[in-house]
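Undergrad: Annotations per TrEMBL:
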- 76-100: transmembrane segment (TRANSMEM)
- 112-133: transmembrane segment (TRANSMEM)
- 153-300: domain 'Palmitoyltransferase DHHC' (DOMAIN)
- 197-220: transmembrane segment (TRANSMEM)
- 265-288: transmembrane segment (TRANSMEM)
Amino acid sequence: MRSRQRMFAAVMRLLLKCLRLGRRRRFKLVRQAEQLWHYGHLCLRSLLYNSFTNGDVVLDSLFEPVYWLVDHVTRWFGVVFVALVIGLTSSIVAIVYICLLPLILQTYTPAWICWHLAYGHWNLIMIVFHYYMAITTSPGHPPQAKNDLTGVSICRKCIAPKPARTHHCSICNRCVLKMDHHCPWLNNCVGHYNHRYFFSFCLFMTMGCIYCSISGWEMFRDAYAAIERMKLLEKERLQVAANQTYYQTPPPTFSFRQRAFHKSVVYLWVLCSSVALALGALTLWHAALITRGETSIERHINRKERQRLQKKGKVSTAHGTGAGWGRARRDVPVPVLQVFRNPYSYGSWDNWKVFLGVDVPRHWLTRVLLPSPHLPHGTGLSWDLPPCVTEQRAPLLAI
């Protein structure tokens, strides 16, 4: 009996030892797994840590494959987009001349005929001129050789001098002076020498589309009603043809010319209205940038720089002028923070004069309202004060 009790006690002790060893091993494996996890997490953070990382950087990284696809696809589809712009514009002009102009000459008063002929042809000339100049004018590229310009950096992709406001275009694979963006509808970069042509084309194309949409509204309503009437009559004709007797005659049918006329008017109005909305929004966006003296790229850079300096407490969030020292109570000097501003902005009105190249009042007619191939101010390599600017801006904190 005692021997059995001893054996049972020995077995129980052995079982408890096994359980303790298993528990220790399990805890040891868990601790090792936790140590490996913390070590891997620390290594990953040490490799990817960046003090400038924020939500914008993460978003740009996520969209990097999309940017790569756009850079490589846009290069090949630029010619297709240009052909599409020319084809759609030519179709609208053909519809106006073939369908609408004879109707205008027959039904409108002489005053309205003169207005439509004058404004329509002026707008068409401005669209054709500025689009041709935008796609054929080089945006401007910095010289590859060394120069004596001050404040010139080196492009990491071109390994060449990179003046102020110059950026590298990954589609053209070249640096562009005062680069705004690469436009696939031009198959060209928008830069220092063709920025005015691009904006003028957008502006006059929007004006032309709005003009066609407003002028053709009544014609569009009549044409749409006629097309709906065609569909109803076509149904009636098919029903009569199915149940035709000797005493029934099918309803009259529309001719091919009538069908083509009504469908062309609907096509013109829908296309012009759609382009007016889309291109009008783009034109307003670029007008706001021009008013601030910025390009699309500079707006992004200036916004991030402003946020960075505000976090460091070097600039204020309020809109003011200059910097200096204020006075608090008990005559204690208090530093007044500077206000971040674009260093290439000369004020809203002067920014437009510089952009359009208006030096004297008559240039509003000869250089803005009429086709003009005049060059912009400066060479794009240095940014001196243009002669049309009324006053020198105070030095402000900006990049």
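For all residues, glycine too, the Cβ spot is worked out from N, Cα and C.
Mind running through what each feature is packed against?
TA: Sequence-distant contacts of the transmembrane segment (112-133), counting only residues of its own chain at least 6 positions beyond either end whose CB sits under 8 Å from a CB of the stretch, comprise 85, 89, 93, 96, 104-105, 186, 194, 197-198, 200-201, 204-205, 207-208, 211, 215, 371, 373.
Here the domain 'Palmitoyltransferase DHHC' (153-300) is broken down by DSSP into helix, strand and coil counts: 89 helix, 16 strand, 43 coil.
Counting same-chain residues at least six beyond the ends of the transmembrane segment (265-288), those with a Cβ under 8 angstroms from any Cβ of the stretch are 88, 91-92, 95-96, 99-100, 199, 202-203, 205-206, 208-210, 212-213, 216-217, 219-220, 222-224, 227, 296.
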Undergrad: Could you tell me what the rest of the chain brings near the transmembrane segment (76-100), counting residues at least six beyond its ends with Cβ under 8 Å?
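TA: That would be 120, 124, 127, 131, 135, 184-188, 212, 216, 219, 261, 264-265, 267-268, 271-272.
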Undergrad: Take the domain 'Palmitoyltransferase DHHC' (153-300) and average the pLDDT across it for me.
TA: 87
